[in-house]
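See structure below.
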Amino acid sequence: GLNRPSKRCLAGSAPCEFHKRSTCCSGHCIIWWCA
């Protein structure tokens with residue numbers, strides 16, 4: 001997927017609200033999924 005660190009987040013939290021398909025990875029929101 002696209003690895004784009006964006007806003008910070010907590011691992012295991014709900015998907016980031018700024019993008020429906022973003023995922024929390026390594027403390028940051030990335031689009032799609034963790035590499």
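Cβ atoms are placed via backbone N, Cα and C, with glycine included.
According to DSSP, CYS25 (disulfide bond) is assigned to a strand segment. Among the features that Swiss-Prot reports, disulfide bond is placed at CYS9-CYS25 (among others).
Per Swiss-Prot, disulfide bond is recorded for CYS16-CYS29 (among others). Its Cβ taken as reference, CYS29 (disulfide bond) is surrounded by 20 other Cβ atoms within 10 Å in the chains shown.
Marked as disulfide bond by Swiss-Prot on the basis of similarity to another entry: CYS24-CYS34 (among others). DSSP gives CYS34 (disulfide bond) a coil state; it is part of no helix or strand.
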Rounded to the nearest Å - Cα separation of CYS34 (disulfide bond) and CYS9 (disulfide bond): 14
